[in-house]
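Single-structure report; data block below.
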Amino acid sequence: MSDMFEAQRRAKGSLGLGALDIIQGFKEFYLWSNLAIEDLRSSYHRTYFGYLWFILIYLIQIGIFILIFAPVRGIDTHTTNYPAYLSFGFLIWMFITSGITTGARVFINARGWILSANVPYSLFLFRNCLRDAIPLLINLVVILTLAFFIWDMQPLSVLISLATLPVFFINFFWVGLLLGTICVRFRDIEQLVSVAMRVIFFLTPIIWTYDPDGAGFRNQIAIYNPLTHFIELFRRPMLGEWPTELSLLVVAVVTVVGSITGFLVFALNRRRIPFWL
Amino acid sequence: MPSLIAEKLGLTLPIFKSGRSGMKGGKPPVHRDPRFLTSGSGKLTGFKVLTNISFELRTGDRLGIVGRNGSGKSTLLSVLGGIYEPTEGELKVDGKVRGIFNLSLGLNNDATGYRNIQMLGLVAGLTLDEIEHKIPEIAEFSELDEFLMMPVSVYSSGMRMRLLFATFTAFRPEILLLDEWLGTGDVNFRQKAGRKMQEIVEDAGIVVLASHNHKLLQENCNVSVWLEGGQIAMYGDTQEVIAAYEDQQAKIKNAKPEEQQSPLKAIEQSHAE
(Lines of atoms letter the chains of each structure in order from A and count residues from 1; the text may use other names and numbers.)
(Lines give C-alpha, C1' and ligand atoms only; values in the text may rest on other atoms or scores of the structure.)
Protein backbone atom coordinates (compact mmCIF):
# COMPACT_ATOMS: atom_id res chain seq x y z
CA MET A 1 0.00 0.00 0.00
CA SER A 2 1.45 3.28 -1.08
CA ASP A 3 -0.33 5.76 1.12
CA MET A 4 1.07 7.54 4.14
CA PHE A 5 -1.75 7.12 6.67
CA GLU A 6 0.07 4.39 8.57
CA ALA A 7 3.26 6.48 8.64
CA GLN A 8 1.34 9.57 9.75
CA ARG A 9 -0.10 7.60 12.65
CA ARG A 10 3.19 6.04 13.71
CA ALA A 11 5.49 8.99 13.17
CA LYS A 12 6.69 10.95 16.17
CA GLY A 13 6.87 14.53 15.00
CA SER A 14 8.06 16.03 11.73
CA LEU A 15 11.47 14.37 11.72
CA GLY A 16 9.98 10.95 12.19
CA LEU A 17 7.48 11.52 9.42
CA GLY A 18 10.22 12.85 7.12
CA ALA A 19 12.29 9.72 7.74
CA LEU A 20 9.29 7.44 7.17
CA ASP A 21 8.51 9.33 3.97
CA ILE A 22 11.97 8.54 2.63
CA ILE A 23 11.89 4.89 3.74
CA GLN A 24 8.42 4.31 2.37
CA GLY A 25 9.24 6.25 -0.79
CA PHE A 26 12.20 3.99 -1.41
CA LYS A 27 10.08 0.90 -0.85
CA GLU A 28 7.83 2.03 -3.68
CA PHE A 29 10.54 0.88 -6.07
CA TYR A 30 8.04 -0.60 -8.45
CA LEU A 31 6.17 2.67 -8.72
CA TRP A 32 9.09 5.05 -9.11
CA SER A 33 10.97 2.85 -11.54
CA ASN A 34 7.88 2.74 -13.73
CA LEU A 35 7.42 6.50 -13.42
CA ALA A 36 11.05 7.01 -14.44
CA ILE A 37 10.65 4.77 -17.47
CA GLU A 38 7.45 6.59 -18.36
CA ASP A 39 9.34 9.90 -18.21
CA LEU A 40 12.06 8.63 -20.52
CA ARG A 41 9.47 7.20 -22.84
CA SER A 42 7.46 10.38 -23.06
CA SER A 43 10.51 12.61 -23.55
CA TYR A 44 11.41 10.68 -26.71
CA HIS A 45 7.79 10.16 -27.66
CA ARG A 46 7.29 10.04 -31.44
CA THR A 47 10.99 10.46 -32.22
CA TYR A 48 12.62 8.19 -34.77
CA PHE A 49 15.82 7.52 -32.84
CA GLY A 50 14.10 7.20 -29.46
CA TYR A 51 16.49 6.42 -26.60
CA LEU A 52 19.43 6.70 -29.01
CA TRP A 53 18.98 10.44 -28.62
CA PHE A 54 20.65 10.68 -25.27
CA ILE A 55 23.71 8.91 -26.66
CA LEU A 56 23.68 11.11 -29.76
CA ILE A 57 23.30 14.33 -27.77
CA TYR A 58 26.21 13.38 -25.56
CA LEU A 59 28.52 12.31 -28.39
CA ILE A 60 27.69 15.36 -30.50
CA GLN A 61 28.37 17.73 -27.61
CA ILE A 62 31.70 16.25 -26.58
CA GLY A 63 32.69 15.96 -30.25
CA ILE A 64 32.12 19.66 -30.77
CA PHE A 65 33.81 20.64 -27.52
CA ILE A 66 36.87 18.60 -28.41
CA LEU A 67 37.08 20.08 -31.90
CA ILE A 68 36.74 23.66 -30.70
CA PHE A 69 38.53 23.73 -27.38
CA ALA A 70 41.41 21.29 -27.80
CA PRO A 71 43.46 23.82 -29.82
CA VAL A 72 42.65 26.73 -27.48
CA ARG A 73 45.58 28.27 -25.64
CA GLY A 74 45.57 27.71 -21.92
CA ILE A 75 44.11 24.25 -22.19
CA ASP A 76 46.70 21.71 -21.31
CA THR A 77 46.65 19.05 -23.98
CA HIS A 78 50.24 17.91 -23.37
CA THR A 79 50.11 16.33 -19.95
CA THR A 80 46.39 15.46 -19.89
CA ASN A 81 44.46 13.38 -22.36
CA TYR A 82 42.08 16.21 -23.25
CA PRO A 83 39.39 14.19 -25.10
CA ALA A 84 39.13 11.74 -22.19
CA TYR A 85 39.27 14.58 -19.64
CA LEU A 86 36.39 16.31 -21.38
CA SER A 87 34.31 13.20 -22.10
CA PHE A 88 34.26 11.93 -18.52
CA GLY A 89 34.03 15.37 -16.95
CA PHE A 90 31.11 16.37 -19.14
CA LEU A 91 29.34 13.07 -18.58
CA ILE A 92 29.26 13.45 -14.80
CA TRP A 93 28.52 17.17 -15.15
CA MET A 94 25.34 16.35 -17.08
CA PHE A 95 24.20 14.19 -14.19
CA ILE A 96 25.10 16.82 -11.58
CA THR A 97 23.45 19.71 -13.38
CA SER A 98 20.33 17.70 -14.07
CA GLY A 99 20.20 16.69 -10.42
CA ILE A 100 20.27 20.32 -9.35
CA THR A 101 17.84 21.75 -11.92
CA THR A 102 15.32 18.89 -11.85
CA GLY A 103 15.74 18.67 -8.08
CA ALA A 104 14.54 22.26 -7.79
CA ARG A 105 11.37 21.32 -9.68
CA VAL A 106 10.80 17.88 -8.24
CA PHE A 107 7.74 18.63 -6.10
CA ILE A 108 6.39 21.29 -8.46
CA ASN A 109 6.40 18.74 -11.27
CA ALA A 110 4.78 16.12 -9.06
CA ARG A 111 1.94 18.50 -8.17
CA GLY A 112 -0.68 16.34 -9.87
CA TRP A 113 0.32 13.30 -7.86
CA ILE A 114 0.85 15.07 -4.56
CA LEU A 115 -2.57 16.74 -4.73
CA SER A 116 -4.42 13.60 -5.75
CA ALA A 117 -3.04 10.85 -3.54
CA ASN A 118 -1.44 10.55 -0.11
CA VAL A 119 1.90 9.26 -1.41
CA PRO A 120 5.38 9.63 0.09
CA TYR A 121 6.93 12.65 -1.61
CA SER A 122 10.44 11.21 -1.68
CA LEU A 123 9.45 8.70 -4.33
CA PHE A 124 9.56 11.51 -6.90
CA LEU A 125 13.22 12.05 -6.08
CA PHE A 126 14.00 8.38 -6.48
CA ARG A 127 12.19 8.59 -9.79
CA ASN A 128 14.28 11.59 -10.91
CA CYS A 129 17.46 9.92 -9.79
CA LEU A 130 16.75 6.77 -11.77
CA ARG A 131 15.58 8.75 -14.78
CA ASP A 132 18.93 10.55 -14.91
CA ALA A 133 20.99 7.53 -13.90
CA ILE A 134 19.82 5.46 -16.87
CA PRO A 135 21.23 7.83 -19.54
CA LEU A 136 24.35 8.28 -17.39
CA LEU A 137 25.00 4.55 -17.25
CA ILE A 138 24.22 3.99 -20.93
CA ASN A 139 26.51 6.82 -21.98
CA LEU A 140 29.12 5.48 -19.63
CA VAL A 141 29.01 2.09 -21.33
CA VAL A 142 29.29 3.77 -24.73
CA ILE A 143 32.19 6.04 -23.83
CA LEU A 144 34.05 3.32 -21.93
CA THR A 145 33.74 0.98 -24.91
CA LEU A 146 35.17 3.69 -27.12
CA ALA A 147 37.77 4.60 -24.52
CA PHE A 148 39.22 1.12 -24.22
CA PHE A 149 39.82 1.14 -27.97
CA ILE A 150 41.16 4.66 -28.37
CA TRP A 151 42.87 5.57 -25.12
CA ASP A 152 45.13 3.75 -22.77
CA MET A 153 42.65 2.94 -19.95
CA GLN A 154 43.52 1.18 -16.70
CA PRO A 155 40.70 -1.22 -15.76
CA LEU A 156 41.38 -1.01 -12.03
CA SER A 157 41.18 2.75 -11.83
CA VAL A 158 38.06 2.71 -14.01
CA LEU A 159 36.49 0.47 -11.38
CA ILE A 160 37.44 2.94 -8.65
CA SER A 161 35.78 5.67 -10.63
CA LEU A 162 32.60 3.62 -11.04
CA ALA A 163 32.60 2.95 -7.31
CA THR A 164 32.22 6.69 -6.67
CA LEU A 165 28.84 6.80 -8.43
CA PRO A 166 26.78 6.14 -5.27
CA VAL A 167 28.24 9.36 -3.85
CA PHE A 168 26.63 11.22 -6.74
CA PHE A 169 23.30 9.49 -6.17
CA ILE A 170 23.29 10.47 -2.50
CA ASN A 171 24.06 14.07 -3.37
CA PHE A 172 21.44 14.05 -6.11
CA PHE A 173 18.94 13.01 -3.45
CA TRP A 174 19.67 15.60 -0.79
CA VAL A 175 19.91 18.42 -3.33
CA GLY A 176 16.38 17.48 -4.42
CA LEU A 177 15.10 17.40 -0.83
CA LEU A 178 16.62 20.80 -0.13
CA LEU A 179 16.02 22.71 -3.36
CA GLY A 180 12.75 20.92 -4.11
CA THR A 181 11.25 22.02 -0.79
CA ILE A 182 12.61 25.58 -0.95
CA CYS A 183 11.48 26.10 -4.54
CA VAL A 184 7.91 25.07 -3.83
CA ARG A 185 7.71 27.99 -1.42
CA PHE A 186 10.00 30.48 -3.17
CA ARG A 187 9.49 30.05 -6.87
CA ASP A 188 12.18 32.59 -7.78
CA ILE A 189 14.89 30.27 -6.53
CA GLU A 190 14.04 27.79 -9.24
CA GLN A 191 14.62 30.39 -11.97
CA LEU A 192 17.82 31.41 -10.27
CA VAL A 193 19.06 27.83 -10.12
CA SER A 194 18.65 27.16 -13.80
CA VAL A 195 20.43 30.38 -14.75
CA ALA A 196 23.16 29.77 -12.18
CA MET A 197 23.88 26.30 -13.48
CA ARG A 198 24.55 27.65 -16.95
CA VAL A 199 27.08 30.11 -15.53
CA ILE A 200 28.62 27.57 -13.17
CA PHE A 201 29.33 25.32 -16.14
CA PHE A 202 31.92 27.84 -17.27
CA LEU A 203 33.30 28.28 -13.75
CA THR A 204 33.97 24.58 -13.41
CA PRO A 205 36.93 22.91 -15.09
CA ILE A 206 35.11 20.75 -17.62
CA ILE A 207 36.06 22.24 -20.96
CA TRP A 208 39.16 23.90 -19.50
CA THR A 209 41.98 22.44 -17.47
CA TYR A 210 43.54 23.70 -14.26
CA ASP A 211 46.49 23.01 -12.03
CA PRO A 212 45.46 21.92 -8.48
CA ASP A 213 48.67 23.40 -7.04
CA GLY A 214 48.79 26.43 -9.26
CA ALA A 215 48.14 30.05 -8.45
CA GLY A 216 46.31 32.54 -10.62
CA PHE A 217 42.70 33.49 -11.00
CA ARG A 218 41.49 30.52 -13.01
CA ASN A 219 43.12 27.95 -10.77
CA GLN A 220 41.62 29.67 -7.73
CA ILE A 221 38.12 29.56 -9.20
CA ALA A 222 38.50 25.85 -9.83
CA ILE A 223 39.81 25.12 -6.36
CA TYR A 224 37.15 27.10 -4.52
CA ASN A 225 34.32 25.63 -6.59
CA PRO A 226 32.99 22.57 -4.76
CA LEU A 227 31.68 21.10 -7.99
CA THR A 228 35.27 20.85 -9.25
CA HIS A 229 35.97 18.34 -6.52
CA PHE A 230 32.90 16.27 -7.33
CA ILE A 231 33.93 16.10 -10.96
CA GLU A 232 37.49 15.26 -10.01
CA LEU A 233 36.29 12.42 -7.81
CA PHE A 234 34.88 10.71 -10.87
CA ARG A 235 37.20 11.98 -13.61
CA ARG A 236 40.63 11.54 -12.08
CA PRO A 237 40.43 7.77 -11.55
CA MET A 238 39.16 7.47 -15.12
CA LEU A 239 42.38 9.17 -16.23
CA GLY A 240 44.43 6.88 -14.03
CA GLU A 241 45.09 9.18 -11.07
CA TRP A 242 43.84 9.40 -7.50
CA PRO A 243 41.64 12.34 -6.56
CA THR A 244 43.51 14.84 -4.39
CA GLU A 245 42.99 14.76 -0.64
CA LEU A 246 41.34 18.15 -0.87
CA SER A 247 38.76 16.79 -3.31
CA LEU A 248 37.98 13.84 -1.04
CA LEU A 249 37.61 16.15 1.93
CA VAL A 250 35.34 18.63 0.14
CA VAL A 251 33.11 15.86 -1.22
CA ALA A 252 32.86 14.19 2.19
CA VAL A 253 31.95 17.43 3.98
CA VAL A 254 29.44 18.53 1.34
CA THR A 255 27.79 15.09 1.32
CA VAL A 256 27.40 14.89 5.10
CA VAL A 257 26.40 18.51 5.74
CA GLY A 258 24.16 18.55 2.68
CA SER A 259 22.37 15.34 3.59
CA ILE A 260 21.61 16.62 7.08
CA THR A 261 20.44 20.03 5.84
CA GLY A 262 18.39 18.54 3.02
CA PHE A 263 16.67 16.11 5.35
CA LEU A 264 15.90 18.75 7.98
CA VAL A 265 14.50 21.26 5.48
CA PHE A 266 12.34 18.59 3.88
CA ALA A 267 11.12 16.96 7.09
CA LEU A 268 10.29 20.21 8.88
CA ASN A 269 8.30 21.53 5.91
CA ARG A 270 6.80 18.35 4.54
CA ARG A 271 3.27 19.00 5.72
CA ARG A 272 3.33 22.48 4.17
CA ILE A 273 4.33 21.32 0.69
CA PRO A 274 0.76 20.62 -0.53
CA PHE A 275 -0.35 24.07 0.68
CA TRP A 276 2.44 25.73 -1.25
CA LEU A 277 1.89 23.81 -4.47
CA MET B 1 -12.90 -3.38 8.86
CA PRO B 2 -12.50 0.06 7.30
CA SER B 3 -13.44 3.09 9.31
CA LEU B 4 -13.02 6.82 8.91
CA ILE B 5 -13.24 8.94 12.01
CA ALA B 6 -12.89 12.70 12.11
CA GLU B 7 -12.40 14.29 15.51
CA LYS B 8 -12.72 18.06 15.68
CA LEU B 9 -10.85 18.49 12.38
CA GLY B 10 -9.70 21.97 11.51
CA LEU B 11 -7.63 23.23 8.61
CA THR B 12 -6.02 26.61 8.20
CA LEU B 13 -4.44 27.36 4.86
CA PRO B 14 -1.53 29.80 4.98
CA ILE B 15 -1.73 32.94 2.88
CA PHE B 16 1.41 34.69 1.85
CA LYS B 17 1.86 37.61 -0.33
CA SER B 18 3.90 36.93 -3.41
CA GLY B 19 4.25 39.91 -5.64
CA ARG B 20 1.41 42.26 -6.51
CA SER B 21 -2.12 41.40 -5.56
CA GLY B 22 -3.21 42.07 -9.11
CA MET B 23 -6.02 44.27 -7.84
CA LYS B 24 -6.15 47.71 -9.30
CA GLY B 25 -6.09 50.49 -6.77
CA GLY B 26 -3.87 48.51 -4.43
CA LYS B 27 -6.09 48.14 -1.38
CA PRO B 28 -7.98 44.87 -1.15
CA PRO B 29 -11.55 44.98 0.09
CA VAL B 30 -12.20 44.75 3.80
CA HIS B 31 -12.36 41.08 4.62
CA ARG B 32 -15.59 40.40 6.33
CA ASP B 33 -15.40 36.65 6.14
CA PRO B 34 -14.39 35.67 9.69
CA ARG B 35 -12.52 32.69 8.29
CA PHE B 36 -9.72 35.05 7.23
CA LEU B 37 -7.06 35.25 9.90
CA THR B 38 -5.05 38.41 10.25
CA SER B 39 -1.90 39.24 12.13
CA GLY B 40 -1.69 42.09 14.61
CA SER B 41 -0.76 44.56 11.89
CA GLY B 42 -3.78 43.61 9.83
CA LYS B 43 -1.91 41.48 7.31
CA LEU B 44 -3.68 38.39 6.07
CA THR B 45 -1.99 35.29 7.36
CA GLY B 46 -4.37 32.44 6.79
CA PHE B 47 -7.77 31.16 5.91
CA LYS B 48 -9.59 28.78 8.21
CA VAL B 49 -11.26 26.51 5.70
CA LEU B 50 -12.55 23.92 8.14
CA THR B 51 -13.51 24.22 11.78
CA ASN B 52 -14.49 21.54 14.25
CA ILE B 53 -15.52 18.79 11.86
CA SER B 54 -16.45 15.56 13.60
CA PHE B 55 -18.12 12.40 12.33
CA GLU B 56 -17.69 8.67 12.44
CA LEU B 57 -18.05 6.41 9.43
CA ARG B 58 -18.02 2.64 9.70
CA THR B 59 -18.22 -0.15 7.19
CA GLY B 60 -21.16 0.32 4.84
CA ASP B 61 -21.63 4.02 5.48
CA ARG B 62 -22.09 6.34 2.56
CA LEU B 63 -21.62 9.96 3.51
CA GLY B 64 -22.94 12.79 1.40
CA ILE B 65 -21.56 16.31 1.69
CA VAL B 66 -23.74 19.27 0.75
CA GLY B 67 -23.17 22.97 1.04
CA ARG B 68 -22.80 26.12 -0.97
CA ASN B 69 -19.81 26.91 -3.18
CA GLY B 70 -16.85 27.68 -0.97
CA SER B 71 -18.25 25.96 2.08
CA GLY B 72 -15.28 23.58 2.27
CA LYS B 73 -16.65 20.42 0.66
CA SER B 74 -13.70 19.71 -1.62
CA THR B 75 -11.16 20.69 1.00
CA LEU B 76 -12.78 18.33 3.48
CA LEU B 77 -12.45 15.52 0.94
CA SER B 78 -8.78 16.37 0.44
CA VAL B 79 -8.22 16.20 4.18
CA LEU B 80 -10.01 12.84 4.37
CA GLY B 81 -7.82 11.63 1.50
CA GLY B 82 -4.66 12.61 3.36
CA ILE B 83 -3.66 15.28 0.87
CA TYR B 84 -3.67 17.98 3.51
CA GLU B 85 -2.79 17.15 7.07
CA PRO B 86 -5.39 18.70 9.37
CA THR B 87 -3.98 21.58 11.39
CA GLU B 88 -6.31 20.79 14.28
CA GLY B 89 -7.99 17.67 15.53
CA GLU B 90 -7.37 14.15 14.41
CA LEU B 91 -8.24 11.97 11.47
CA LYS B 92 -8.29 8.22 12.02
CA VAL B 93 -8.28 6.23 8.83
CA ASP B 94 -8.37 2.48 8.66
CA GLY B 95 -8.42 1.08 5.13
CA LYS B 96 -7.20 1.75 1.61
CA VAL B 97 -8.32 5.22 0.56
CA ARG B 98 -8.69 6.41 -3.01
CA GLY B 99 -10.13 9.69 -4.08
CA ILE B 100 -11.02 11.48 -7.25
CA PHE B 101 -10.68 15.11 -6.28
CA ASN B 102 -10.06 16.86 -9.52
CA LEU B 103 -10.32 15.71 -13.10
CA SER B 104 -7.19 17.56 -14.16
CA LEU B 105 -4.92 16.03 -11.54
CA GLY B 106 -3.35 12.62 -11.57
CA LEU B 107 -3.57 12.05 -15.32
CA ASN B 108 -0.60 12.36 -17.64
CA ASN B 109 -1.98 14.07 -20.73
CA ASP B 110 0.74 12.82 -23.08
CA ALA B 111 0.28 9.20 -22.14
CA THR B 112 -2.49 6.94 -23.39
CA GLY B 113 -5.49 6.08 -21.29
CA TYR B 114 -4.07 2.59 -20.95
CA ARG B 115 -0.73 3.84 -19.62
CA ASN B 116 -2.54 6.17 -17.23
CA ILE B 117 -4.47 3.22 -15.83
CA GLN B 118 -1.16 1.47 -15.22
CA MET B 119 0.25 4.49 -13.42
CA LEU B 120 -2.84 4.96 -11.27
CA GLY B 121 -2.75 1.26 -10.46
CA LEU B 122 0.88 1.42 -9.41
CA VAL B 123 0.10 4.32 -7.10
CA ALA B 124 -2.73 2.26 -5.65
CA GLY B 125 -0.15 -0.40 -4.82
CA LEU B 126 -0.95 -2.96 -7.52
CA THR B 127 1.52 -4.78 -9.75
CA LEU B 128 1.42 -4.44 -13.53
CA ASP B 129 0.10 -8.01 -13.78
CA GLU B 130 -2.78 -7.28 -11.43
CA ILE B 131 -3.56 -4.11 -13.36
CA GLU B 132 -3.58 -6.02 -16.64
CA HIS B 133 -6.36 -8.23 -15.29
CA LYS B 134 -8.44 -5.17 -14.48
CA ILE B 135 -8.12 -3.59 -17.92
CA PRO B 136 -11.10 -5.37 -19.58
CA GLU B 137 -13.34 -4.37 -16.68
CA ILE B 138 -12.18 -0.76 -16.88
CA ALA B 139 -12.47 -0.60 -20.66
CA GLU B 140 -15.96 -2.03 -20.48
CA PHE B 141 -17.24 0.08 -17.62
CA SER B 142 -15.76 3.34 -18.89
CA GLU B 143 -17.03 2.60 -22.42
CA LEU B 144 -13.69 3.93 -23.67
CA ASP B 145 -12.49 0.78 -25.48
CA GLU B 146 -10.28 1.92 -28.39
CA PHE B 147 -9.88 5.35 -26.83
CA LEU B 148 -7.69 3.74 -24.18
CA MET B 149 -4.97 3.58 -26.84
CA MET B 150 -5.14 7.34 -27.43
CA PRO B 151 -3.47 10.05 -25.35
CA VAL B 152 -5.63 11.48 -22.58
CA SER B 153 -5.11 14.95 -24.04
CA VAL B 154 -7.78 14.19 -26.64
CA TYR B 155 -10.35 13.10 -24.04
CA SER B 156 -13.40 15.16 -23.19
CA SER B 157 -14.08 15.90 -19.52
CA GLY B 158 -16.78 13.22 -19.51
CA MET B 159 -14.25 10.71 -20.82
CA ARG B 160 -11.67 11.69 -18.24
CA MET B 161 -14.24 11.30 -15.52
CA ARG B 162 -15.28 7.87 -16.79
CA LEU B 163 -11.66 6.77 -17.02
CA LEU B 164 -10.91 7.89 -13.46
CA PHE B 165 -14.09 6.51 -11.98
CA ALA B 166 -13.78 3.14 -13.73
CA THR B 167 -10.11 2.86 -12.78
CA PHE B 168 -10.48 3.78 -9.14
CA THR B 169 -13.49 1.58 -8.58
CA ALA B 170 -11.83 -1.35 -10.37
CA PHE B 171 -8.99 -1.18 -7.84
CA ARG B 172 -11.55 -1.83 -5.11
CA PRO B 173 -10.66 0.82 -2.57
CA GLU B 174 -12.06 0.28 0.90
CA ILE B 175 -12.77 3.97 1.23
CA LEU B 176 -13.74 5.91 -1.90
CA LEU B 177 -13.86 9.71 -1.91
CA LEU B 178 -15.64 11.39 -4.79
CA ASP B 179 -15.82 15.09 -5.46
CA GLU B 180 -18.45 16.98 -7.43
CA TRP B 181 -17.70 15.68 -10.90
CA LEU B 182 -20.17 12.86 -11.46
CA GLY B 183 -22.21 15.66 -12.97
CA THR B 184 -20.09 15.46 -16.11
CA GLY B 185 -21.48 12.00 -16.82
CA ASP B 186 -24.74 11.43 -18.64
CA VAL B 187 -27.79 9.96 -16.92
CA ASN B 188 -26.93 6.47 -18.06
CA PHE B 189 -23.43 6.66 -16.64
CA ARG B 190 -24.63 8.19 -13.39
CA GLN B 191 -26.88 5.20 -12.87
CA LYS B 192 -24.05 2.81 -13.63
CA ALA B 193 -21.81 4.74 -11.24
CA GLY B 194 -24.45 4.52 -8.55
CA ARG B 195 -24.59 0.75 -8.90
CA LYS B 196 -20.80 0.55 -8.80
CA MET B 197 -20.68 2.58 -5.60
CA GLN B 198 -23.24 0.23 -4.15
CA GLU B 199 -20.92 -2.69 -4.96
CA ILE B 200 -18.05 -1.01 -3.19
CA VAL B 201 -20.17 -0.40 -0.14
CA GLU B 202 -21.29 -4.03 -0.19
CA ASP B 203 -17.63 -5.07 -0.33
CA ALA B 204 -17.45 -3.68 3.20
CA GLY B 205 -16.43 -0.18 2.19
CA ILE B 206 -17.11 3.46 2.84
CA VAL B 207 -18.04 6.05 0.24
CA VAL B 208 -17.89 9.82 0.71
CA LEU B 209 -19.53 11.88 -2.00
CA ALA B 210 -19.58 15.67 -2.24
CA SER B 211 -22.17 16.99 -4.65
CA HIS B 212 -24.69 19.66 -5.53
CA ASN B 213 -26.84 16.97 -7.07
CA HIS B 214 -29.27 16.25 -4.24
CA LYS B 215 -30.92 13.39 -6.06
CA LEU B 216 -27.57 11.67 -6.42
CA LEU B 217 -26.97 12.00 -2.69
CA GLN B 218 -30.47 10.89 -1.75
CA GLU B 219 -30.08 7.78 -3.87
CA ASN B 220 -26.60 6.86 -2.72
CA CYS B 221 -25.95 8.15 0.79
CA ASN B 222 -27.35 7.04 4.13
CA VAL B 223 -25.82 9.90 6.14
CA SER B 224 -24.95 13.45 5.16
CA VAL B 225 -23.26 16.56 6.45
CA TRP B 226 -24.22 20.06 5.50
CA LEU B 227 -21.27 22.40 5.53
CA GLU B 228 -21.65 26.11 6.04
CA GLY B 229 -18.59 28.33 6.19
CA GLY B 230 -16.34 25.41 6.93
CA GLN B 231 -18.42 24.14 9.82
CA ILE B 232 -20.97 21.41 10.13
CA ALA B 233 -24.42 23.00 10.07
CA MET B 234 -26.14 19.65 10.29
CA TYR B 235 -25.15 16.00 10.39
CA GLY B 236 -27.53 13.07 10.18
CA ASP B 237 -29.89 11.17 7.95
CA THR B 238 -29.51 12.24 4.31
CA GLN B 239 -33.23 12.90 3.70
CA GLU B 240 -33.45 15.19 6.74
CA VAL B 241 -30.22 17.03 6.02
CA ILE B 242 -31.14 17.65 2.40
CA ALA B 243 -34.65 18.75 3.37
CA ALA B 244 -33.25 21.26 5.85
CA TYR B 245 -30.62 22.48 3.38
CA GLU B 246 -33.16 22.93 0.60
CA ASP B 247 -35.43 24.72 3.01
CA GLN B 248 -32.71 27.22 3.86
CA GLN B 249 -31.77 27.66 0.21
CA ALA B 250 -35.42 28.38 -0.64
CA LYS B 251 -35.61 30.95 2.15
CA ILE B 252 -32.61 32.78 0.77
CA LYS B 253 -34.03 32.70 -2.71
CA ASN B 254 -37.49 33.92 -1.65
CA ALA B 255 -36.36 36.55 0.80
CA LYS B 256 -37.02 40.14 -0.15
CA PRO B 257 -33.88 41.95 -1.25
CA GLU B 258 -33.75 44.11 1.92
CA GLU B 259 -33.93 41.10 4.25
CA GLN B 260 -31.73 38.99 2.05
CA GLN B 261 -28.79 37.87 4.06
CA SER B 262 -25.45 37.77 2.37
CA PRO B 263 -23.71 34.42 2.52
CA LEU B 264 -20.91 36.11 4.42
CA LYS B 265 -23.33 37.39 7.03
CA ALA B 266 -24.64 33.89 7.51
CA ILE B 267 -21.11 32.61 8.06
CA GLU B 268 -20.43 35.41 10.50
CA GLN B 269 -23.51 34.46 12.47
CA SER B 270 -22.71 30.80 12.48
CA HIS B 271 -19.26 31.64 13.87
CA ALA B 272 -20.70 33.91 16.50
CA GLU B 273 -22.99 31.21 17.80
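Numbering starts at 1 and runs along the chain as displayed.
Glycine residues also receive a Cβ, built from the backbone N, Cα and C atoms like all the rest.
As recorded in TrEMBL, the features of this protein are as follows:
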type	residues	note
DOMAIN	A:49-269	domain 'ABC transmembrane type-2'
TRANSMEM	A:51-72	transmembrane segment
TRANSMEM	A:84-108	transmembrane segment
TRANSMEM	A:129-151	transmembrane segment
TRANSMEM	A:157-180	transmembrane segment
TRANSMEM	A:192-210	transmembrane segment
TRANSMEM	A:246-268	transmembrane segment
| Which listed range (A:84-108, A:129-151, A:157-180, A:246-268) shows the maximal number of Cβ pairs under 8 Å with respect to the transmembrane segment (A:192-210)? | A:84-108
| message | Which sequence-distant residues neighbour the transmembrane segment (A:157-180)? Criterion: at least 6 residues beyond either end, Cβ under 8 Å. | response | 88, 92, 95-96, 99-100, 102-108, 122, 125-126, 128-129, 132-133, 140, 144, 189-190, 193, 230, 233-241, 251, 254-255, 258-259, 261-263, 265-266
| note | Answer key: the stretch among A:51-72, A:129-151, A:246-268 with most Cβ pairs under 8 A to the transmembrane segment (A:84-108) is A:129-151
